[in-house]
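Peer 1: Have a look at this one.
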Amino acid sequence: MPKNTKVTQREHSNEPVTESVADLLSLEHPMDYKSSQMSMGLSPGSTAPVKALLPSPDPDAEDGRPAWNNKLEYILAQVGFSVGLGNVWRFPYLCQKNGGGAYLVPYLILLILIGIPLFFLELAVGQRIRRGSIGVWNYVYPRLGGIGVSSLMVCGFVGLYYNVIIGWSIFYFFQSFQYPLPWAECPIHRNGTQAVVEPECEKSSATTYFWYRQALNITSSIDDTGGLNWKMTLSLLVAWIMVCLAVIKGIQSSGKVMYFSSLFPYVVLFCFLVRGLMLKGAVDGIAHMFTPKLEKMLEPQVWREAATQVFFALGLGFGGVIAFSSYNKRDNNCHFDAALVSIINFLTSILATLVVFAVLGFKANVMNEKCVVENAEKILGYLNTGVLSRELIPPHINFSHLSSQDYAEMYAVIKTVKEENFAQLGLDPCILEDELNKAVQGTGLAFIAFTEAMTHFPASPFWSVMFFFMLINLGLGSMIGTMTGITTPILDAFKIRKEILCVVCCIIAFLLGLLFVLRSGNYFVAMFDDYSAGLPLIVVVILENISVAWIYGTKRFMQDLEDMLGFRPYSFYFYMWKFVSPAVLVLLICATVIEMAISPAGYNAWKHLTKSSLLGSDRFQSYPPWALAMAYALIVVAMLPLPIVFIARHFSLISDGSNKLSVSYRKGMMKDISNLEEQDEQRFILSKNPSEAPSPMPAHRAYLGPGGTQEMTNTNYGTSTKTGYQNIGSPESEL
């Protein structure tokens, strides 16, 4: 073989073989040019050697990377990761708070503008590069390799407190095997022959008292740690054991777990929906949900919260989406996956909201009837003492069967006649709409509002067991994705046994998670939820978007997708990645920073019943200086890898990792080199110019942007071309 050929020069060069990300992303199965009509001058009717007709090995199988057993397991894993506790309690809360049906409009718009495009982007890069979050962004743009490290940090923070919520659900699950439910009634203390209801419970409610005093045994402030809550510590240990067992064998075992953890919540939600629709007042709740308050759509806060919910609902920036998709075959239709999972996620949120509003409608009717009874007793007392005249009571009203409409009529008459002294009577209007408008956020919805509603269900322990078992499964599906987002990048970087890594990670996480099972642990859960996973995740995702759309190049990425999928994605994605999604994310960052600046930093502390305080209730309290420093430290620590890695690689202090090609890519590349060597040698024997040999690299079709035409261009191996070997650090050419 001639010594001056480009292949021979590359083979004998001491320089490491490096390839651009364009080559990595445009990898196709090796093409056997021996069997082509161009090879060795074969005529169209000639027969190529039998060996050349054998199928080439699958590069996806050669790199030894685990793979999903089937497509259904993969889809269930992505659905289980994206559909979590936020769909059950945060989405219904935001819908209730921001105008009911009017909130669905901005949510759906932003799901289309930023949710699906960015979800598709993460699926595509993970599937093509077949690495976790750290490896993917090292390949795309090494100086922004800190994106993957920040994703891992955020995953760690979220996993720490998210599993505590699973622990709470486990505690309530086991407490549900009692009749009546332990939170159905206030505790009664015996003082000799006299029975006394717990004053703190009487002033709040049975479910609220059980949550704060029995389950959490919470302190009055974040400064008072109060020691470990041993019941919750044991529940947290059980939660981490479950997570460890689910992920210890990798996707082969977690895929099986997903069949149950992803599908069972839907069974429970449908059961709750059917049961909820049979309850009195359920229609009132659902009508309240779908009655749009259109004026709310003009408030910027509604759009900001809708964007944030879209962002977190799909699990963008955590690394779990990238990690799951990295176990796919390269020709998997990830565009279909992105649309399917996003739609399932949205429909799940709607289903959960229907269930929640049906139950809240029932609860509102129960509370409204209770209000009517209590105030009717007050009116009877005023009538008996002569404070009110019986002439004020309409003749058709029967106090033994008093309806809400009758009470409203009587209330209006008394208020009109006794206008000056009405406030002294202490009567409540008992309006159903007011009960429906009482927003219950986050854990309060699951552990206070829902538990209170279930105490009024027939066979309440059964429904309570089903509900908290559903929460455990929802949380478990999300935790599997979170842990995969942590372990996959580490396994890609360090060759260690995944079983050992999973056990070590879970043990460390449990020990760190003891912070959240202190008696003041609920305050730290709120802190981590507010600060560790908000701003850092938004910054991570906008850098992901910029690195692909502006540094690597949207046109090149679209062409890579066409080579991978076999069809060109819609031009819609070109414009979303290039312009719309970055702009929306910048606005979201600005809105988040402004809100953090103008909103007081604090938490809702449970104030115990004392001699100076007559009510047991939660009150807003500012963070002490040390807690405020800890909150902002979470943001700094999560975002610190971004500038550190950028500076270190800019000044060549650490390796950029760009020459660490995947095993399958190296094998495919060497197969192409081997093919080219044989062809050059044959051409030399036949007195042909070696440069006339066909290129072993697949032909690239230049993507000319939306609506552009495609041109077939053959590139010679080793020649710098726009699509194959352009420096990844250079800006995308717009010509």
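Using the three backbone atoms N, Cα and C, a Cβ is placed for every residue, glycine included.
Remember, TrEMBL labels are computer predictions, not curated facts.
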Peer 1: May I ask you to indicate which of 306-327, 570-591 is given in TrEMBL as transmembrane segment?
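Peer 2: Residues 306-327 are the ones TrEMBL records as transmembrane segment.
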Peer 1: Please list, in sequence order, every residue of the chain apart from GLY80, VAL83, ASN87, ASN345, LEU474, SER478 whose Cβ lies within 8 Å of the Cβ centroid of the Na(+) site.
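Peer 2: In sequence order, the nearby non-listed residues are VAL79, PHE81, SER82, GLY84, LEU85, GLY86, SER262, PRO265, THR348, GLY477.
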Peer 1: Looking at 104-125, 339-360, 500-519, 531-552, 626-648, which one has the highest count of Cβ pairs under 8 angstroms to the transmembrane segment (306-327)?
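Peer 2: Per the Cβ under 8 Å count, 104-125.
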Peer 1: With pairs 6 or more apart in sequence, are the transmembrane segment (500-519) and the transmembrane segment (146-174) linked by at least 3 Cβ pairs under 8 Å?
Peer 2: yes
Peer 1: For the transmembrane segment (531-552), I need the partner stretch with the highest count of C-beta pairs below 8 angstroms, choosing only from 74-92, 104-125, 462-488.
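Peer 2: The listed stretch sharing the most Cβ pairs with the transmembrane segment (531-552) is 104-125.
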Peer 1: Are the transmembrane segment (74-92) and the transmembrane segment (462-488) close enough that 3 or more Cβ pairs fall under 8 Å, when only pairs 6 or more apart in sequence count?
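Peer 2: Checked: the transmembrane segment (462-488) vs the transmembrane segment (74-92), in contact.
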Peer 1: Let me spell it out: take the transmembrane segment (339-360), skip the flanking residues so only those 6+ beyond its ends count, and list any with a Cβ under 8 Å from a Cβ in it.
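Peer 2: Residues 75, 78-79, 82-83, 87-89, 91-92, 95-96, 104, 108, 111, 115-116, 119-120, 266, 269-270, 272-273, 276-277, 279, 282, 285-286, 288-289, 313-314, 436, 440, 445, 449-450, 453 contact the transmembrane segment (339-360) from elsewhere in the chain.
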Peer 1: Between the transmembrane segment (146-174) and the transmembrane segment (263-286), are there three or more C-beta pairs closer than 8 Å, counting only pairs 6 or more apart along the chain?
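Peer 2: By the criterion, they do not touch.
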